[in-house]
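The following features are taken from TrEMBL:
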BINDING   123, 124, 125, 126, 127, 128, 129  ATP binding site
DOMAIN    121-310  domain 'Mur ligase central'
DOMAIN    332-442  domain 'Mur ligase C-terminal'
């Protein structure tokens, strides 16, 4: 795995250029150093968090340049690795590829070194919950599992952390039984040889239209999971209730397992209380759902997909039932914060597209005061109109797209526009009545006012805690 030195006029290490200094970019830099590269890292942003990351990487031996990407910085590279958030359809990157310099994603680069049985989860919504649930199934059954990719630790991060063992000849397959990865469309676009054993697509709804020329191009990116340059995925797990998935499923050559509301599928829910899943031998296994804690039908879809994959990964039915009974969702995903003066508060900051907002609203039985806004992904909020007319007391728009959200929904529900999330929270509290729910499911990216969706969700939670404390003080409880 050690790289040979190449010559550019004098004997020196080969040059790796890493573009994008988010979590995956930083991990790629460290893996590059361990591979014996001279590493140049670049990012357009010059914001304080990036400057902090740059300082840390420079102390480790990485050359960091923040600001505009220049073609001359790439010309002597042996390899260019881009982070998922970096668009590659630009003049600079086209020129790089025209010169024959390999340009790949962080996932692709890691995959070339990591030959381990792998399950990959993609889709517009539900990826993180399903990935974490699937990882919990496998870990609880006693398997050595890496869970990461587009969440948590990138694959190159795992490789860098285990460099000592790998450089001494230990194979990744001897360290791991399974690799469970959340993968985004951006990662698939730059990972042509990535080929998991089991691929899961949960749903495909409008998202990232700021990066794709059409919705069909976005859907094609998702379904490229099942047709890779190295061959075909062995098993596909598909949502039979998603119309886009059904339309594209006919192009899948792998063994296809469907989950749906229909009892004829490989996985189905009966009366909302029993999960029935066909195991690899064709035996239908049943699991109780009376202690399943996650809200909404969409989380039952996530459960069906994860259970199908887990059974094929060797997890026994008893372990699956135990995990179903105890699994709890991650923060910022329909996270129930509590009740103040009879009004509930839900943090769904991870709801960064309209499809996610629809699922969030569908899972709410009470009237909703909905907080929408953030940075646009060319979102069309009018798709929310039927549910808003049925379930929403008011829409509070905030951030860059707050005015657009209010304008597109104003004929269906009362709307108001404010500047930021704090003002939106207080406006929602004023409009909600006992029995309502205040729901942050913004339908947009967070980057207009926050570093990421988690920072936005943390702020919403802090606002709730302040509101809860003041309410308790008013009532004389503290």
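Numbers run from 1 along the shown chain.
Yeah, the Cβs are placed from backbone N, Cα and C, and that goes for glycine too.
Automated prediction, rather than curation, is the source of TrEMBL annotations.
Feature annotations (TrEMBL) mapped to structure.
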residue: 123; record: ATP binding site; Cβ contacts under 8 Å, 6 or more apart: 130, 200, 201, 202, 203, 204, 222, 239
residue: 124; record: ATP binding site; Cβ contacts under 8 Å, 6 or more apart: 202, 203, 204, 205, 206, 207, 222, 353, 355, 356
residue: 125; record: ATP binding site; Cβ contacts under 8 Å, 6 or more apart: 202, 203, 205, 298, 351, 353, 355, 356, 359
residue: 126; record: ATP binding site; Cβ contacts under 8 Å, 6 or more apart: 202, 203, 298, 299, 301, 302
residue: 127; record: ATP binding site; Cβ contacts under 8 Å, 6 or more apart: 121, 150, 151, 182, 183, 184, 202
residue: 128; record: ATP binding site; Cβ contacts under 8 Å, 6 or more apart: 151, 182, 330, 333, 350
residue: 129; record: ATP binding site; Cβ contacts under 8 Å, 6 or more apart: 294, 299, 302, 329, 330, 333
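When DSSP labels each residue, the domain 'Mur ligase C-terminal' (332-442) comes out as 39 helix, 32 strand, 40 coil, counted as helix, strand and coil in that order. Secondary structure from DSSP puts residue 124 (ATP binding site) in coil.
Excluding 123, 124, 125, 126, 127, 128, 129, which define the ATP site, the same chain contributes 121, 130, 202, 203, 302 within 8 Å (Cβ to the Cβ centroid), listed in sequence order.
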